[in-house]
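Chemist: The feature compositional bias 'Basic and acidic residues' is assigned by TrEMBL to 1-11. For 1-28, the entry in TrEMBL reads region 'Disordered'. Annotated domain 'Heparan-alpha-glucosaminide N-acetyltransferase catalytic' per TrEMBL: 36-162, in sequence order. Marked as transmembrane segment by TrEMBL: 37-54, 74-95, 107-126, 146-163, 184-205, 294-315, 327-347, 353-377, 398-417, 444-463.
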Amino acid sequence: MAKTEVEKKSQDQQLLVPEDDTASSSRRSLAGNRQRLASLDIFRGLTVALMILVDDAGGEWPVIAHAPWEGCNLADFVMPFFLFIVGVSIALSLKRISNKIEACKKVGFRTCKLLFWGLLLQGGFSHAPDRLSYGVDVTMMRFCGILQRIALSYLVVALVEIFTKNSHEENLSSGRFSIFKSYYWHWIVGASVLVIYLATIYGTYVPDWEFVVNDKDSVLYGKIQSVSCGVRGKLNPPCNAVGYVDRQVLGINHMYQRPAWKRSKACTINSPYDGSLRQDAPSWCRAPFEPEGILSSISAVLSTIIGVHFGHIILHLEGHSARLKHWVSTGLVLLTLGLTLHFTHLMPVNKQLYSFSYICVTSGAAALVFSSLYSLVDILEWRLMFLPLKWIGMNAMLVYVMGAEGMLAAFFNGWYYRHPHSTLINWIREHVFIRVWHSRRVGVLMYVLIAEILFWGLVTGVFHRFKIYWKL
C-alpha cells in the first residue's frame, strides 16, 4: 500500500472497514477541509490505553477493574467504546460504494481475519505475558473474545450500511429527525436485535446445570458441581439466559474460566479484590462464564449502530455547533435512559450480560467523550497534548497485540536469571517503580502509565514518523 494512502486511513479503517474512498468520505469531517478526523484517532488511542490500564493495574485498583456483576467501572467502558468507534469508522469509510459485491468481499475477508486473530490471542494458544507456555488444548479452547465480538458487530453493521446505501438521500431534509428517517433500516436492525435479546433473556427457561471444576489450585479440582436454577427471566450470575445459551451452544469448557463474578462478595472474602474463594461460596463461583458470549454479542451490535449514527452526523451536518448539539443531546438522552433503567431496577447495568441499560450508559458516555475530544482537537486544535494517544490510535492493532495482550512483555519474560520470575520486566516494575513509591498499588499504577502506556505512545510515534502501520 502506498504511503499516501496509509496516511489517509485511520487505524479502524485499516483494521476493520473496506478501503472505499476513505479520504473523500471524511472530507467534510472538519467543516469542509480534507483532513483526517484526529479526534477519532485520539478516542481510539484513549480506549486502547484504558484497556492496558484496567488490565494491568485493575488487580491493585479494583475500582477501575470490571465490576463483578452489576454496576459499571472504568474497565466496563472499554468494549462499548471500541464498538462505538467501529461504527463511526464504518459510516466514514462506506460513504461512497462503487461496487457492493467488492465491498462485501472486503468486509467478509476482514471479518475472517479478525476472527482468526481473536482465536489466536484469546483462544488459548498464548499465555502471555507471565506464563511461559504455549499451545492449545482444543478441548478447553475459548471460542469468544474481544476481536470476535468486534468482528460480529462490524460484519452486521457494515452489511446493513452497504445494502441500504440507496435507500436514503445524500442531502437530508431540514427536519429534526430526518437523519433517523433516512437511515431507518439501521434502526430497524437495532430494534430487531433488542427484541431478540430481551425475548431470549426474559423468556428462556434455565434448568439446573452442572460442571467440572477445572481450577487445579482448588481442592475440588476434577469434581462435578451442581447449580440449582429451574427459573425464567433471572439476571443473577448462575441462572441467567446469557450463560445458558453459551453453555448449550459453545460448551461449558469453551467459555472463559476466570469470570469477574469470582471477585463478588458471595464468592471471596477479599471482594472486590481477587482472592481465595470463601468456604461457603456457592458452587457457581467456580464455574466458567463467557463475558463475550453469543447472546451478549448480539446485543452489542446496538453499540455499533449508535456509533454509525454519529458517523452519519459527520457526513450530513456541516457546522460544528450542529454536530455537537445533536451528539451531546443524544448522549444525555442515552445516559438518562440507562441510569433510569438501572436505578429503578427495571434492568440493571451489567457488562457481563450486555444489558440494554448498559448499552445506553456506555454509548451515552462514548458520545460525550467523543464530543469533548472533537471540540478540543478538531475545533480548538489542541492536538499537541494528545499526540501520544493519536499515535496509539493510528497503530491500535500493534499496541493491542504487543501491549494489551502482552506479547512484547512475554518475549522479555522469556529471558530470565535462574528463576522464571527474575526477568527484566519484573525487575523494572519492582525496583524502578514499586520500591521508589514505597507502595505496590501506586508503583504498579505508575509502571502501567509510564512503562506501558507512555512507552507505546512513543513507540507508535516513531512508527508514525516512518509511516509504519500494522494493517490487519
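Cβ from N, Cα, C; glycine included.
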Chemist: Which residues, given as numbers and ranges, are at least 6 beyond the ends of the transmembrane segment (184-205) yet have a Cβ under 8 Å from it?
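Modeler: For the transmembrane segment (184-205), the list is 156-157, 160-161, 164, 167, 230-233, 235, 240-242, 244-245, 295, 298-299, 301-302, 305-306, 308-309, 353, 356.
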Chemist: Under 8 Å, at least 3 Cβ pairs, sequence separation 6 or more: does that hold for the transmembrane segment (294-315) versus the transmembrane segment (74-95)?
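Modeler: Yes; at least 3 Cβ pairs under 8 Å.
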Chemist: Quick check: do the transmembrane segment (146-163) and the transmembrane segment (74-95) share at least 3 Cβ pairs under 8 Å, counting only pairs 6+ apart in sequence?
Modeler: yes
Chemist: Verify whether three or more Cβ pairs under 8 angstroms connect the transmembrane segment (353-377) with the transmembrane segment (398-417), leaving out any pair fewer than 6 apart in sequence.
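Modeler: Contact criterion not met.
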Chemist: Between the transmembrane segment (353-377) and the stretches 74-95, 107-126, 444-463, work out which stretch tops the count of Cβ pairs under 8 Å.
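Modeler: Ranking 74-95, 107-126, 444-463 by Cβ pairs under 8 Å to the transmembrane segment (353-377) puts 74-95 first.
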Chemist: Please report, as numbers and ranges, the same-chain residues at least 6 past the borders of the transmembrane segment (444-463) whose CB is under 8 Å from any CB of it.
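Modeler: Distant Cβ neighbours of the transmembrane segment (444-463) are 45, 49, 52-53, 56-57, 59-61, 387-389, 391-392, 394-395, 398-399, 402-403, 428-429, 432-434, 437, 469.
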Chemist: For the domain 'Heparan-alpha-glucosaminide N-acetyltransferase catalytic' (36-162), what are the DSSP-based totals of helix, strand and coil residues?
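Modeler: For that range the per-state counts are 80 helix, 4 strand, 43 coil.
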